[in-house]
Amino acid sequence: MGAQESSRQKPLSDTPGTAPPHQEYHSFPIHPNLSHTLCCLEKSPTLCLTQYTKGDLTVPQFHVNVEMMSICCMICSSNTFVPLKNCLRFISSNFLYLQSLLSKSTLLCSSSKPCLSQRFLRLSTAFDPVPSVNVNPFTPETVCRNSEHHKRKSQRSDDDENDRPAVSAHMLSCYESEFLELGCIGVGEFGSVYRCVKRLDGCMYAIKRSRRPIAGSANEQLALKEVYAHAVLGHHPHVVRYYSAWAEDDHMIIQNEYCDGGSLHDAITEKGEQGEFLSIPELRDLLLQVSMGLKYIHSSGLVHLDIKPSNIFICRRPSLSACGEGESEDDESPSSGVVYKIGDLGHVTSNSSPQVEEGDSRFLAYEVLREDYTHLPKADIFALGLTVLLAAGAPPLSQNGDDWHSLRQGELPSLPQELPAPFKDFLKMLLDPDPTTRPSANALCRHDVLRKERAGKLAAQLRKELNVEKFRTAMLERELKEARRAATSPQQSSQPGSLPRAGRIEACGGSLWRKLVGRSAARSMSFGFPGY
Ligand SMILES: Nc1ncnc2c1ncn2[C@@H]1O[C@H](COP(=O)(O)OP(=O)(O)OP(=O)(O)O)[C@@H](O)[C@H]1O
Ligand SMILES: [Mg+2]
């Protein structure tokens, strides 16, 4: 049997990672240099290695199976383990050469029998127009690898080109067929955002569409950053939830959770028009909730770098994601009745190997402007401090000039409301010119200035509940007394409309029992609160 025929044998279908059964493979000898190249590739992580048997020929195979594409690369008579990224890069950069080998091999192989000593490279015939797969720079593995190779990579500009992620036509879906657009809810620097209902599930989503074509542009990088960050972050009650992303007509489309309260910027503007601003408890609540979101982002090794009112979204109606998955241990139900969520992850970067795209200059920390990236999470804290100032009624921020500098020297602008001294000092700490003095998001979440407010609200709520319970208990005690009296006076049982004795006692005692025993631990604890 010729090599051409043997190469069409399908790999063992039940082996994990086995190539898709519909694929066919051509085989041809590897050029010595190519073989050398393969051997020089890094040794981990390994691709799936399976066995391919045909007659007395047993060869190891490598498969690269990726969603939305399927490139199968089988290296015969070789023990080289090839990392996925390198394998794909190798195939794409040697594509023309491999193609020419492929056509030559058709002639060669039809007349020669394969033997174990001969080296073969088999490529899927379907790989010609297959897109590469992007490498998410924010996954823990990539972050780890990137930080190891950070310095080396920055010196290899030709590699950067190969690393450049892309959005290709193979990632297409159909916005119009899957969504019903209800209206535009926002326009930003990067794109427009639409409120849409997904036809299939009937739920509302915010769909962000890049304004300009993205292929090869800086926008493409921004768009991909946003998608990578969302995908890595998963679900958290104080981060806008991500559902999907795809490219359509060379525009990036991102499907996110719809926040029915719009942005904090909209809320501040609306209040400002009526001469109002957020109250102190509301400011504390805003600060605490956004800190929780930041704590989550920072603990994932990422920084947001574009915290500002127009990138903080409000959910008035608690969504499933707001009270379900991803809830952090220090999270509690919001005291203000709204949930704040951090969105627009277009500037997110990794804290350990940052690639900084400066966000809005009005919110930019001075050290970031000086390209000192050693305390990036604290730049988010600085921007959060300014966000809270704006919500407290501060005048619009400058993009540069004296006002810009004085804010970065720790001077607060004048506000239309008097802030309590501890809260003012607290805000000053967030805006401290020295990033190391600013508290971390984690410290903010635990800070007394923010927690006391919640504790106060909780106490007031518990006091209310306690009063209700006291009233109920008094009613039930009276009912119980009556029931006991009825049990000891037999005449009453014959009265029309009254329950039989035992039944009545059970009705009263049962309801009392259920109410008392069925009480939650929190409620019974509330009886133990001193001073109520
Ligand atoms: N999930 C959402 N729910 C509700 N409104 C949203 C949502 N996402 C975006 N918006 C609205 O669209 C506006 C622009 O969104 P976003 O900030 O994501 O876009 P952008 O182009 O990246 O903006 P920027 O100018 O900050 O770069 C927001 O300020 C907000 O009003
Ligand atoms: Mg934005």
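Using N, Cα and C of the backbone, Cβ positions are placed for all residues, glycine too.
It should be emphasised that the depicted structure is a prediction, and the values quoted were computed from it without experimental measurement.
Record features, source TrEMBL:
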ACT_SITE  Asp306  active site, proton acceptor
BINDING   Ile185, Gly186, Val187, Gly188, Glu189, Phe190, Gly191, Ser192, Val193, Lys208  ATP binding site
BINDING   Asn311, Asp344  Mg(2+) binding site
COMPBIAS  1-16  compositional bias 'Polar residues'
COMPBIAS  486-501  compositional bias 'Low complexity'
DOMAIN    179-450  domain 'Protein kinase'
REGION    1-21  region 'Disordered'
REGION    145-164  region 'Disordered'
REGION    482-503  region 'Disordered'
If you rank the binding-site residues Val187, Val193 by how many other Cβ atoms lie within 10 Å of their Cβ, the lowest count goes to Val187
Same-chain residues at least 6 positions away from Ile185 (ATP binding site) with a Cβ under 8 Å from its Cβ, in sequence order, are Val193, Tyr194, Arg195, Ala206, Gly262
Near ligand 2 by the Cβ criterion (under 6 Å), the binding-site residues from Ile185, Val187, Glu189, Gly191, Val193 are none
Averaging pLDDT over all residues of the domain 'Protein kinase' (179-450) gives 90
In all the protein chains shown, the tally of other Cβ atoms within 10 Å of the Cβ of Asp306 (active site, proton acceptor) is 23
Give the number of CB atoms, excluding that of Gly191 (ATP binding site) itself, located within 10 Å of its CB.
25
DSSP secondary structure for Asp344 (Mg(2+) binding site), reduced to helix/strand/coil, please.
coil
Gly191 (ATP binding site) to Asp344 (Mg(2+) binding site): how many Å between their Cα atoms?
10
Hey, of the binding-site residues listed (Glu189, Asp344), which one tops the CB count within 10 A?
Asp344
Hey, what's the Cβ neighbour count for Asn311 (Mg(2+) binding site) at 10 Å?
25
Work out the three-state DSSP category of Glu189 (ATP binding site).
coil
